[in-house]
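Just below is one structure, and these are the notes that go with it.
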Amino acid sequence: MGDWSALGKLLDKVQAYSTAGGKVWLSVLFIFRILLLGTAVESAWGDEQSAFRCNTQQPGCENVCYDKSFPISHVRFWVLQIIFVSVPTLLYLAHVFYVMRKEEKLNKKEEELKVAQTDGVNVDMHLKQIEIKKFKYGIEEHGKVKMRGGLLRTYIISILFKSIFEVAFLLIQWYIYGFSLSAVYTCKRDPCPHQVDCFLSRPTEKTIFIIFMLVVSLVSLALNIIELFYVFFKGVKDRVKGKSDPYHATSGALSPAKDCGSQKYAYFNGCSSPTAPLSPMSPPGYKLVTGDRNNSSCRNYNKQASEQNWANYSAEQNRMGQAGSTISNSHAQPFDFPDDNQNSKKLAAGHELQPLAIVDQRPSSRASSRASSRPRPDDLEI
């Protein structure tokens with residue numbers, strides 16, 4: 001029974017990827033089945049055939065009667081039961097190793113993409129696809145594997161097959177032996193000359209072990225059923241809470257489109273002002289310096305307000321009768337982006353700009369012209 005160490009090492013790796021019920025099931029399998037089968041049970045059935053005696057001298061009669069009473073030894077039957085029950089768990093472990101291998105490949109690919117990203121290559125979509133694949137395989141940070149998706153289905157299938165094998169071996173044992181051993185077996189089979197009685201060694205001790213292994217099988221079956229219901233209801237609960245696939249919830253949440261035509265967006269997001277229209281009376285080469293915010297996506301920012309301001313300015317210049325050449329260099333100051341509320345108030349008022357000087361354009365009267373032509377005492381003589 002020294003070969004049990006290899007199976008024990010494999011099953012021990014399943015502990016890290018099992019639920020609480022699965023860990024208890026593995027403990028029951030190790031302690032009450034493998035260890036007990038490798039120590040006490042094997043020694044109890046060690047003299048099984050050698051101590052089987054029949055009240056006849058006919059050669060070969062004891063062998064055929066033993067074969068009829070015990071088609072398969074209890075020890076070998078329980079070994080087969082442990083192997084069959086452990087196979088679904090080993091298949092689940094193989095799936096876990098497959099997922100871990102996938103994780104290594106995805107991590108390697110992710111590192112290569114991050115190196116390419118540092119060189120200026122746009123790999124955001126590829127990195128997003130890798131994250132989705134990791135979630136699909138149940139891979140979390142720090143190499144931890146979470147039970148979801150295909151891994152969860154494999155785990156549920158393994159529990160189902162373990163339960164089926166437990167029930168099948170219990171039925172086979174009941175059909176072949178029953179759950180107790182008799183001290184005397186009656187045999188009538190060739191080449192026995194007549195019906196003979198055969199005697200079994202330590203029947204009570206063997207019956208105790210049979211009942212004990214029966215109880216362990218029932219406990220294992222109950223743990224499988226409990227774990228199956230636990231995994232099922234936990235999956236339903238996660239789906240109700242929306243935790244089963246958070247990528248579906250976040251993938252549809254697209255960022256809102258930016259309205260570059262909005263005045264508030266242009267002001268608060270650094271949109272550059274359009275080039276303001278020059279006044280009709282502006283001299284050649286005159287240019288109004290505007291604020292540059294390094295963003296050409298919002299060139300229609302505050303266009304109507306700029307045109308209205310320049311129209312008001314031109315009307316004031318025409319009314320005042322001033323030439324465009326009198327524009328001082330003080331107009332070439334950086335264009336300010338006022339607040340929307342202040343800008344609207346100025347547009348509503350329409351008379352924010354005041355004339356620099358008031359000139360009376362009416363013609364002078366005759367009296368005033370004559371009075372102005374008379375010499376005054378304080379006039380300077382040339």
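Just so you know, glycine gets a Cβ as well, placed from its N, Cα and C.
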If you check Swiss-Prot for phosphoserine, which of Ser18, Ser69, Ser73, Ser262 comes up?
Ser262
Looking at Ser50, Ser201, Ser330, which residue has the phosphoserine feature per Swiss-Prot?
Ser330
Same-side membrane placement of Gln58 and Pro203 in Swiss-Prot:
yes
Annotation phosphoserine per Swiss-Prot: which of the candidates Ser43, Ser244, Ser297, Ser325 has it?
Ser325
Which one of Ser296, Ser344, Ser364, Ser372 gets the tag phosphoserine in Swiss-Prot?
Ser344
Where does the phosphoserine label fall among Ser251, Ser328, going by Swiss-Prot?
Ser328
In Swiss-Prot, Cys198 is listed as disulfide-bonded to which of the following: Cys187, Cys260?
Cys187
